[in-house]
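Reviewing the structure listed below.
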Amino acid sequence: MTVNTETTYEVVCRLDQIEREGGVTALVGGEAVAVIRTFDDQVHALSNYDPYSRASVLARGIVGTRTVDGEDVPFVASPMHKQAFDLRTGQCLDDPTVTVATYDVRVVDGVVEVGPRRA
Amino acid sequence: MASHPRHLRKQLVVVGHGMVGHRFVESAISRGLTETYDITVIGEEPRPAYDRVALTSFFEVGAQALSFLPSGRYDDPRVTLRVNTEVVAVSPRQRIVTLASGEDLHYDELVLATGAAPFVPPVPGHDLENCFVYRTIEDLEAIRDAAKKAGKSGVGAVIGGGLLGLEAANALHQLGLETHVVELAPRLMAVQVDDIGGKTLSRHIDSLGLTVHTGAMTEAVLGDKKGRVDRLALKDRNPLDVDIVVFSAGIRPRDALARAAGLDVAERGGVLVDESLRSSDEHIWAIGECAAVGGMMYGLVAPGYDMAEIVVDRLLGGEGSFTGADMSTKLKLLGVDVASFGDAHGQTEGALELTYQDAVSGVYKKLVISEDGKRLLGGVLVGDAAAYGILRPMVASGMELPANPEELILPTSRGGLEMDLPDDMQVCSCNDVTKGEIKEAVSDEATLNDGGPCVDAACVTAHTRAGATCGSCKVVVKKIVEDHFAATGKEVDRSLCQHFRMTRQELFDVVAVHGYTRFDDIIEGHGTGRGCDICKPAVASILASLLNHHVLEPGNRQLQDTNDAYLANIQRNGTYSVVPRIPGGEITPDKLIAIGEVARDFGLYTKITGGQRIDLFGARMEDLPAIWKRLVDAGMESGHAYGKSLRTVKSCVGSTWCRYGVQDSVGLAIELELRYRGLRSPHKLKGGVSGCARECAEARSKDFGIIATEKGWNLYVCGNGGAIPAHAQLLAGDLDKDTLIQYLDRFLMYYIRTADRLQRTSYWMDSIDGGLDRIREIVVDDALGLGAELEAAMDKHVESYFDEWKATIEDPEKMARFVSFVNAPGVPDPNISFRDERGQIAPADNEGPVALGPTIPVGAPR
């Protein structure tokens with residue numbers, strides 16, 4: 001693991017190691033983080049832990065879009081019981097009371113870096 | 001299982017193992033009567049009870065398919081069935097029945113279910129060779145043999161043009177005989193239909209090449225020198241040259257045992273019983289056609305079933321009573337729909353009649369209406385009985401007629417049914433389902449369809465059983481469902497999901513016609529957005545069915561559902577289970593040892609599955625390739641347990657080892673499993689092959705089940721286990737292996753092309769107009785001309801099959817995904833841990849995410 005010392009971002013992989021509408025699991029700060037790339041090459045990072053099934057699996061879910069209030073929301077569906085989570089906020093689209101943690105993420109020169117967990 | 005020693009248990013003897021006797025025993029078992037009684041059932045025929053109502057189909061499907069008890073015994077050890085056994089006497093005082101062998105059986109309670117015998121009018125020559133009756137399988141076998149001897153130019157005559165007579169005529173016609181129907185009354189089916197109805201029916205039957213003689217009295221059957229049937233002499237008419245005569249001039253209750261025992265019998269025959277079905281002796285009961293309830297005999301099976309239930313109820317201490325029966329009938333005779341219900345002959349005082357007749361198309365409908373014009377009393381339908389489903393319950397419920405009752409019988413193009421039926425109206429008489437219950441199943445509060453309401457009629461039928469037995473009310477069920485959705489303003493949305501405004505079948509056609517191979521092209525051309533967890537796996541399945549490519553090709557693997565995505569079954573803690581294919585359940589010791597060694601070396605939990613395979617649980621995703629490398633090296637391949645695809649073809653050991661087996665069921669099961677392995681489908685597919693009628697492979701609980709017969713194989717389709725079990729139904733009987741495979745190829749491909757997403761074969765069948773009959777037309781008769789195309793599609797699948805796990809481990813690009821962490825491939829996910837249970841691993845639950853400590857990596861034990 002390479003730790004970028006000026007900031008708290010960790011390099012996880014090259015962008016081309018993540019398929020479009022696919023995800024990888026990264027170990028960031030000892031935690032399992034799902035890093036997901038959408039069709040338009042946006043990259044999102046959220047906790048890999050599915051609060052419904054209590055298993056570390058979200059990176060393995062299907063990625064798509066769902067129309068919510070006229071807007072196309074990118075989401076990942078848990079591979080266990082298909083609850084959908086907004087990739088940008090971690091908000092569960094099927095239950096407003098449930099959210100998973102999200103992480104700052106950026107792509108620098110084709111390399112994906114995950115930052116600190118968002119508040 | 002017996003709760004008391006035998007001498008303390010009461011003995012119940014049932015005389016007669018026909019449809020009603022069998023129903024009695026089934027009900028006695030399911031309602032717990034065998035907790036206190038040992039039951040002995042005595043049947044005179046050489047085989048257990050069978051479906052006598054469907055007797056005419058015997059030539060088509062054979063005796064096995066008609067049997068209610070192919071195994072020859074009941075599942076309850078407290079029931080003994082003795083077939084081929086005759087009771088010759090009943091002694092009510094000693095409570096003993098005496099068998100022809102001289103053996104005496106003691107009873108505490110005796111149930112007579114001896115049925116009825118055909119009435120043979122005492123015309124001269126009625127006992128010549130080649131005179132038959134039409135009642136048992138043996139009768140049909142004898143008729144078939146005689147027809148064979150009579151050859152191509154053979155002529156047969158049926159004496160009697162009632163319901164059974166026309167069934168018999170159908171049988172002779174099927175056997176290729178020139179067929180005459182001779183009826184004394186001025187019309188056919190005199191009991192059920194009126195003059196015009198009878199004439200309409202006659203015209204239909206004439207047009208099929210049969211000859212109907214009404215108002216014709218048989219004076220004698222004349223024989224040739226050898227004492228064989230030669231001519232039929234008719235009063236005031238020319239005689240008929242015939243080779244075979246079948247008497248079907250009504251039935252008479254078989255009450256001889258009761259008469260000889262001194263029980264009261266009815267004036268017109270039948271064991272006289274009261275409303276509790278008890279005879280003049282308090283320990284003797286009579287049910288079915290041998291019983292005369294208050295002097296009245298009922299010649300239909302439904303009242304017989306009611307009687308069976310009532311006697312079981314009484315013996316359990318209940319108060320059930322028989323207060324008459326709905327004698328309405330609907331049937332298809334020689335391809336013509338005929339229905340009769342309520343007061344079909346307008347015998348109610350002041351009754352009015354409303355008729356519709358279309359002589360050209362051979363349709364006749366009559367309604368009998370009360371004097372005030374407000375109630376429907378009965379009716380007759382010939383040629384088109386679709387309205388029966390709605391009319392019969394209208395009579396039974398006594399509901400008020402609509403203002404324009406003629407609409408009820410006019411062709412739908414001229415108005416059709418527009419009426420509001422009351423909620424308490426019984427729609428399905430077979431399973432007692434009311435309109436209210438059907439509406440409940442589709443209301444928003446319903447929870448029976450995956451926790452929500454049903455969205456179509458097929459789902460309602462599956463959950464309420466409305467329309468599941470005779471099917472005559474299916475149109476009404478569909479109408480009620482559609483009306484409900486129309487009234488609540490809910491459009492019945494058949495869209496796959498928000499991204500595709502079409503059904504899976506439509507999407508399948510779109511993909512096939514355009515030759516698409518990529519999801520991106522399909523959603524760009526025909527959908528919106530970027531898809532979801534519903535449409536992506538559906539498209540993946542369609543592409544896999546059409547192309548049979550590797551499901552983990554780039555651009556394709558992100559479409560795969562959870563299990564397909566990693567070619568394994570995900571379990572509750574995020575680990576996977578692994579199932580190698582064990583075709584037909586046959587495995588060598590070496591392979592068994594190899595599986596055991598893999599499980600031991602990777603620390604996997606091991607369990608035998610219901611599909612005769614071995615499931616290895618607890619594999620970490622990153623270990624899957626190494627596990628499969630070992631299995632592939634040992635000669636094994638993917639079992640596709642993770643796919644909506646063919647799973648297993650279960651088999652019994654068959655004729656190779658089993659002393660009862662009549663065919664090689666293991667060999668066929670392996671051949672079929674290898675033929676259809678890897679076939680992606682709308683839902684999982686399971687098969688089974690049994691080597692004899694004992695059905696040890698439980699083939700009829702599968703999507704396709706095959707049961708060996710002496711002559712070949714019977715093919716059953718559309719069964720399943722699970723939450724709502726369905727028995728597979730006979731598609732075709734006595735097939736040779738090539739024909740069997742041809743039909744299966746067509747059946748499976750047609751299902752794959754036309755079923756909805758996640759729609760199992762039984763639901764699919766229910767959703768098809770015409771159900772099983774329609775499937776048979778398409779698969780067996782090739783009515784759509786699709787046969788060759790479907791077979792070619794299956795051939796293509798078989799030729800292009802490859803083991804997707806072997807292909808995966810040979811391709812570094814595909815292997816790259818199988819890592820725990822993209823940036824720490826050697827570190828196991830700390831969220832996964834195990835505990836010990838009965839000497840094997842089991843998932844340990846975590847309350848929240850588990851982080852890896854900065855210094856102590858706490859990998860789970862291997």
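Placed from the backbone N, Cα and C atoms, the Cβ positions cover glycine too.
According to TrEMBL, the protein carries these features:
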DOMAIN    B:11-293  domain 'FAD/NAD(P)-binding'
DOMAIN    B:328-394  domain 'NADH-rubredoxin oxidoreductase C-terminal'
DOMAIN    B:427-482  domain 'BFD-like [2Fe-2S]-binding'
DOMAIN    B:571-632  domain 'Nitrite/Sulfite reductase ferredoxin-like'
DOMAIN    B:643-779  domain 'Nitrite/sulphite reductase 4Fe-4S'
BINDING   B:Cys652, B:Cys658, B:Cys692, B:Cys696  [4Fe-4S] cluster binding site
BINDING   B:Cys696  siroheme binding site
REGION    B:841-862  region 'Disordered'
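Where TrEMBL records a feature, it is marked here on the structure.
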| residue | record | DSSP class |
| --- | --- | --- |
| B:Cys652 | [4Fe-4S] cluster binding site | coil |
| B:Cys658 | [4Fe-4S] cluster binding site | coil |
| B:Cys692 | [4Fe-4S] cluster binding site | coil |
How many other Cβ atoms are found within 10 Å of the Cβ atom of B:Cys658 ([4Fe-4S] cluster binding site), counting all protein chains shown?
16
Other residues with Cβ within 8 Å of the Cβ centroid of B:Cys652, B:Cys658, B:Cys692, B:Cys696 at the [4Fe-4S] cluster site?
B:Val653, B:Gly654, B:Tyr660, B:Gly661, B:Ser665, B:Ser690, B:Gly691, B:Arg694, B:Glu695, B:Ala697
Within the chain of B:Cys692 ([4Fe-4S] cluster binding site), which residues six or more apart in sequence place their C-beta under 8 angstroms from its C-beta?
B:Ser655, B:Cys658, B:Tyr660, B:Gly661, B:Val662, B:Gln663, B:Ile707, B:Ala708
Per-region confidence, the domain 'NADH-rubredoxin oxidoreductase C-terminal' (B:328-394) (mean pLDDT, whole number):
85
Which of B:Cys652, B:Cys696 (the binding-site residues) has the most other Cβ atoms within 10 Å?
B:Cys652
Could you count the residues of the domain 'Nitrite/Sulfite reductase ferredoxin-like' (B:571-632) that DSSP puts in helix, in strand and in coil?
29 helix, 14 strand, 19 coil
Just to be sure I understand, if DSSP states are collapsed into helix, strand and coil, how many residues of the domain 'BFD-like [2Fe-2S]-binding' (B:427-482) fall in each?
25 helix, 6 strand, 25 coil
Count up the helix, strand and coil residues in the domain 'Nitrite/sulphite reductase 4Fe-4S' (B:643-779) according to DSSP, in that order.
52 helix, 33 strand, 52 coil
By DSSP, how many residues in the domain 'NADH-rubredoxin oxidoreductase C-terminal' (B:328-394) are helix, how many strand, and how many coil?
7 helix, 34 strand, 26 coil
